[in-house]
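Enquirer: Please read through the structure below; I'll follow up with questions.
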Amino acid sequence: MKNITCIDDLRDLHMRRVPKAFFDYCDRGSYTESTLRANREDLDRIKFRQRILVDVASRSLNTTILGEPAAMPMILAPVGLTGMQHGDGEIYACRAAHEAGIPYTLSTMSICSIEDVAANVKKPFWFQLYMMKDRGFMKSLIERAIAAKCSALVLTVDLQVIGQRHADIKNGMTVPPQLKLRTLYDFATKPAWVSGVLRGKRKTFGNLAGQMAGTEDLTSLSEWISTQFDPSLSWKDIEWIRNIWPGKMVIKGILDIVDAREAVRTGAEALVVSNHGGRQLDGAPSSISVLPEIVQELGSQIEIMFDGGIRTGQDILRALAFGAKSCMIGRAYVHGLGAGGQAGVAKAIDILAKELSTTMGLCGINRVEDIDRRILVDYRNNL
Ligand code: FNR
């Protein structure tokens, strides 16, 4: 890890250490990947105003997220199949997040179950729920999250129909999975990864185990999952969840101001401006391009989180300057996990934190709550 200086270095190592099928599953986007690219390109275009001779000796990243103190304005995003990037990946990622003083979100589609993670970490984590047809099963998942003392429920609402990733089909990451000769050869050349995953607590989707009347193999579960996403969902279903879940609720996957207003009406504590990391609606705008409008109208009514394309601390500062309260980190931490397990996730968080702190300093800012549009070059146009 000594020669790793940025998230791109972790990505390179992740690519070398983990079978291509799983690396691509993490790295790629849907269809032409135009939205995946836009997330990065639009962030890169935002320029900072350099400020000099401002005393920035007492910089701090401390903030609050959903009313709780956090060491920095970052959250590890829900990521499916994390345990396939590294054995027990969910547990290691959660531990790294907690050690860094930030929240971790466990995906419905995780390999380690809610209970596996709860038994192996010391603090509460967040749970992400996909809206599925089987309401009884959804209720049971929520009850399991309550029993595990999860401290927030993140409802992901942008997966009513599933966007296609061409790379996944070519790699056999389909429903059901298709093991191709090339994939098997690739696995055989990554023995450390194979033994790590085999040593892990689970080999298939932990939260869904037991759901399939005795069949818990990856193939049957994948088929079951693909029939479960419900294209008929509506805002009424969110009300139903709100009545079952007693704690804090976050609605993830908002890109449009009309939907953002609806999210506020549900009484959710926060919403995440997100295009699912360019994995769903190809051709959707970048997350950063829609953030200002949503913040301007609703920022005083609901906590606004952001994700999509964050690969540097500078990107986090850009999103905060546009009014996000905190940022969810997706691929950046998964690259760390694939590269080096818990130490790799810790490294990813540390890289982002140091870049954020340095960039704040160069912009003449000491505290997270002082970040606003005025740190940007074109702030006059944006105000
Ligand atoms: C995701 N994302 C996601 N979101 C969610 O709510 N539930 C999930 O299970 C997943 N699964 C998932 C798998 C992988 C491999 C990736 C990369 C992403 C989306 C994720 O939470 C987040 O919105 C994006 O990752 C943010 O974009 P960046 O940071 O990856 O560019």
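Cβ atoms here come from the backbone N, Cα and C positions, even for glycine.
Unlike curated records, TrEMBL annotations are generated automatically.
Sharing the features that TrEMBL gives for it:
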| type | residues | note |
| --- | --- | --- |
| ACT_SITE | HIS276 | active site, proton acceptor |
| BINDING | TYR25, ARG165, HIS276, ARG279 | glyoxylate binding site |
| BINDING | 78-80, SER107, GLN128, TYR130, THR156, LYS252, SER274, 307-311, 330-331 | FMN binding site |
| DOMAIN | 1-381 | domain 'FMN hydroxy acid dehydrogenase' |
Enquirer: Give the subset of the binding-site residues PRO78, ARG165, GLY308, GLY330 lying near ligand 1, defined as CB under 6 A from any of its atoms.
Expert: PRO78, GLY308, GLY330
Enquirer: What is the set of residues, excluding TYR25, ARG165, HIS276, ARG279, whose C-beta falls within 8 angstroms of the centroid of the C-beta atoms at the glyoxylate site?
Expert: ARG28, GLY29, SER30, GLY163, ASP168, GLY277, GLY278, GLN280
Enquirer: Sorry to bug you, but what's the C-alpha spacing from TYR25 (glyoxylate binding site) to PRO78 (FMN binding site), rounded to the closest Å?
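Expert: Distance between the two Cα atoms comes out at 14 Å.
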Enquirer: To the nearest Å, how far is the Cα of TYR25 (glyoxylate binding site) from the Cα of HIS276 (active site, proton acceptor)?
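Expert: For TYR25 (glyoxylate binding site) versus HIS276 (active site, proton acceptor), the Cα atoms are 13 Å apart.
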Enquirer: Between SER274 (FMN binding site) and ARG165 (glyoxylate binding site), how many Å separate their Cα atoms?
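Expert: Here the two Cα atoms are 18 Å apart.
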Enquirer: Taking only the recorded positions ARG165, HIS276, ARG279, which one has a CA atom nearest to the CA atom of GLY308 (FMN binding site)?
Expert: HIS276
Enquirer: Counting across all protein chains present, how many other Cβ atoms fall within 10 Å of the Cβ of ARG165 (glyoxylate binding site)?
Expert: 23
Enquirer: Quick check: of the recorded positions listed here (ARG165, HIS276, ARG279), which one has the Cα closest to that of ILE310 (FMN binding site)?
Expert: HIS276
Enquirer: PRO78, GLY80, GLY308, GLY330: which of these binding-site residues has the highest Cβ count within 10 Å of its own Cβ?
Expert: GLY308
Enquirer: Measuring C-alpha to C-alpha, could you say which of the recorded positions ARG165, HIS276, ARG279 are within 10 Å of THR156 (FMN binding site)?
Expert: HIS276
